[in-house]
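J.: My questions all concern the structure below.
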Amino acid sequence: MTSQPDASSADNQQTFRDPHQNDQNNQSQSSEAQADQSAAYNTKYAPNNGFNQFLSYFKDSLVNPHNAIAAPKYGGLMSIGVYAILMLIIFNLGAKRMIDLVVAQSPSEYTVSVFAPIKTAIMQFSGILIISSLVYILVAFTVRRPLLNDNIAFLDFTDMFGIYINISSILLLLCLILSLFVSVTSFTLMETIAFIFALSQLILNYATVMTLKDITGRFNNFYAILIAEIVPAIISLWVTSVYLQSIYGNLISWYNQIGE
C-alpha cells in the first residue's frame, strides 16, 4: 500500500522535471545554432584566416624575432613577395620623383636627355637587389643542408628567413614614406633614406647568419657561415658590376649622341 503513492509521486516529480529539461535542451540547441551562425558569419575575420595569420606572423617578426614564431603556410614566400613588391615600388616611384625634381630644376634638353635614361636604369637596379636577396636565401639553404646535416624543408627555411625579411620590408616601407618628402636640396633626408635602405640590406646578411644556427641555437660550423656570406656577395657584386658597366656604356653613347 505504501509503494503506490511513492510511484505516483515519482511520476509527478518526473513530469515536473520534464519542462525544465526541455528548456535546457532548447537553450543548448539555440546556443549551438547561434555559435554555428556566428562562426559562419565571422569566417573571413577569424584568427585562423590566412591573411590574419600572415599579419600575426609579420607582427611577431618585428616584436620578438628571436622567439619561436608560428608562421602560416607559405608565410616565408609571402614575406619574400611583399619585400619584392616594396623594392619595385621604391625604385619606380622614389627614383622617378628624385629624377623629376632634378629635371625640374634645370628643364633643358640636355638634362632631360641625360637623366631620363638614368631614371630607367635606377628602376632596373631594383631587379638586381631582388635577385641578390633570393641568392642569399638559396645559398643559405643549400649550405645548411649538407654542412649542418640538417634536413629542413625549403618552406620551413623560408619561414625562418622570412622573419628577417619582414624586418627589412618595414625599413623599405619607411624609405618609401620618407622619399615622398624628399627634395633636391634636402641632402640630410636623402642621406637618412640611404642609411635606412642600407640597413635593410644588412638585415639579409644578418638573416643568413641567424638561419645557420643548429637546433640548440649555436653556430656549429663557422665555414658554413663563411660560405653562405661570401658566395652571395660575390654573385651580387658580379651581377652589379656587369649591370653598371652596361649603364656606363649606355651613358657614354647617349652623351656622344647629344654631342653630335
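Cβ from N, Cα, C; glycine included.
TrEMBL does not curate its annotations; it predicts them automatically.
Straight from TrEMBL, here's the annotation block:
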COMPBIAS  1-16  compositional bias 'Polar residues'
COMPBIAS  22-39  compositional bias 'Low complexity'
REGION    1-39  region 'Disordered'
TRANSMEM  74-95  transmembrane segment
TRANSMEM  116-141  transmembrane segment
TRANSMEM  161-182  transmembrane segment
TRANSMEM  189-210  transmembrane segment
TRANSMEM  222-244  transmembrane segment
J.: Could you pull out which residues elsewhere in the chain have a CB under 8 Å from any CB of the transmembrane segment (222-244), counting only those six or more residues past its ends?
T.: 124-125, 128, 131-132, 135-136, 139-140, 143-144, 147-148, 205, 208-209, 212
J.: Taking a Cβ cut-off under 8 Å, which residues six or more beyond the ends of the transmembrane segment (74-95) line up next to it in the same chain?
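T.: Counting only partners 6 or more residues beyond its ends, the transmembrane segment (74-95) has Cβ contacts under 8 Å with 53-54, 57-58, 61, 119, 122-123, 125-126, 129-130, 133-134, 137, 155, 157-163, 165-166, 168-169, 172-173, 175-176, 179, 182, 193, 197.
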